[in-house]
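Q: Per Swiss-Prot, domain 'Exonuclease' is recorded for 20-194, and the stated evidence type is sequence analysis. Taken from Swiss-Prot, the feature Mg(2+) 1 binding site applies to ASP23. As annotated by Swiss-Prot, Mg(2+) 2 binding site applies to ASP23, GLU25, HIS181, ASP186, with the evidence given as sequence analysis. The annotation site 'Important for substrate binding and specificity' is assigned in Swiss-Prot to PHE29, PHE77, PHE124, PHE146. The active site, proton donor/acceptor annotation in Swiss-Prot covers HIS181 and is backed by sequence analysis.
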Amino acid sequence: MADKSDLNALSGRFRGYYPVVIDVETAGFNAQSDALLEIAAVTLQMNKEGWLLPDETLHFHVEPFEGANLQPEALAFNGIDPTNPLRGAVSEHDALHAIFKAVRKGIKDKGCNRAIIVAHNANFDHSFVMAAAERASLKRNPFHPFATFDTAALSGLVLGQTVLAKACLAAGIPFDSSQAHSALYDTLQTAKLFCELVNRWKKLGGWPLPAAESE
């Protein structure tokens, strides 16, 4: 029989993956050519009863890499002025180095094997993280090179909504549209949403799996 404490551990919930919620704000849609301007990450924890909860938060404004495209439409959409000195922006290297270091520690502390990005429309955020890590020559990237947990897809299944704000409201999570398109706010709300989706599945009896309980 499977040890219930293992099933209630973060390492046992997602096949050894350590989920980290990420959101990025950018100056366009092309991860290779357009600037990464802001990134936030929220790590997750599981309590002894097996409920998923947000843990630590990291947030950085990021300097555009040399030669980066800055699409005016994207800047108008997210309201970011890359030239504003009050942003306190750091290099892609410094931002990702700090996030990767915290994530590697979380992997070790939680007994997991590798990190996996959780994001809303995750391919977008994943592509920018991977491109920035390559530009910064960061060799110890803890994230899976292509697998993700996409809260847009999960919300479509569970809640019938795919837009972050609408999914949060459908899940009973307040969403302030005036704060949307801030990487920090969107990451915090996405983390709450992912936890709600995972925990709701548990409440409905979907986890632990019956087969796991009867082994």
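Including glycine, each Cβ sits where the backbone N, Cα and C put it.
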Q: Out of ASP23, GLU25, ASP186, which has the highest number of nearby Cβ atoms, where nearby means within 10 Å of its Cβ, if these are the binding-site residues?
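A: Sorting the candidates by Cβ neighbours within 10 Å, the top entry is ASP23.
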Q: Spatial neighbours of ASP23 (Mg(2+) 1 binding site) among the recorded positions PHE29, PHE124, HIS181, ASP186, defined as Cα within 10 A: which are they?
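A: The recorded positions passing the 10 Å Cα test are PHE124, HIS181, ASP186.
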Q: At a 10 A cut-off on CB-CB distances, which of the recorded sites PHE29, PHE124, PHE146 has the highest count?
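A: The residue with the densest Cβ neighbourhood is PHE124.
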Q: Specify the nearest of the recorded positions PHE77, PHE124, PHE146, HIS181, ASP186 to PHE29 (site 'Important for substrate binding and specificity'), where nearness means the distance between Cα atoms.
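A: Of the recorded positions PHE77, PHE124, PHE146, HIS181, ASP186, PHE124 has its Cα closest to that of PHE29 (site 'Important for substrate binding and specificity').
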Q: Given the recorded sites PHE77, PHE124, PHE146, which lie close to HIS181 (Mg(2+) 2 binding site), meaning Cα to Cα within 10 A?
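A: Checking Cα-Cα distances against HIS181 (Mg(2+) 2 binding site), the recorded sites within 10 Å turn out to be PHE77.
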Q: Tell me whether PHE77 (site 'Important for substrate binding and specificity') sits in a helix, a strand or coil according to DSSP.
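A: Note: PHE77 (site 'Important for substrate binding and specificity') is helical by DSSP.
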Q: What is the total of other Cβ atoms whose distance to the Cβ of PHE77 (site 'Important for substrate binding and specificity') is within 10 Å?
A: 13
Q: Whole-number answer please: how many Å between the C-alpha atoms of GLU25 (Mg(2+) 2 binding site) and PHE124 (site 'Important for substrate binding and specificity')?
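A: Rounded to a whole number, the Cα-Cα distance is 10 Å.
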Q: Have a look at the recorded positions PHE77, PHE124, ASP186 and say which one has the shortest Cα distance to PHE146 (site 'Important for substrate binding and specificity').
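A: Closest recorded candidate to PHE146 (site 'Important for substrate binding and specificity') by Cα: PHE124.
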Q: Between ASP186 (Mg(2+) 2 binding site) and PHE124 (site 'Important for substrate binding and specificity'), how many Å separate their Cα atoms?
A: 14
Q: Can you tell me how far the Cα of PHE124 (site 'Important for substrate binding and specificity') sits from the Cα of PHE77 (site 'Important for substrate binding and specificity'), in Å?
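A: Approximately 16 Å lies between the Cα of PHE124 (site 'Important for substrate binding and specificity') and that of PHE77 (site 'Important for substrate binding and specificity').
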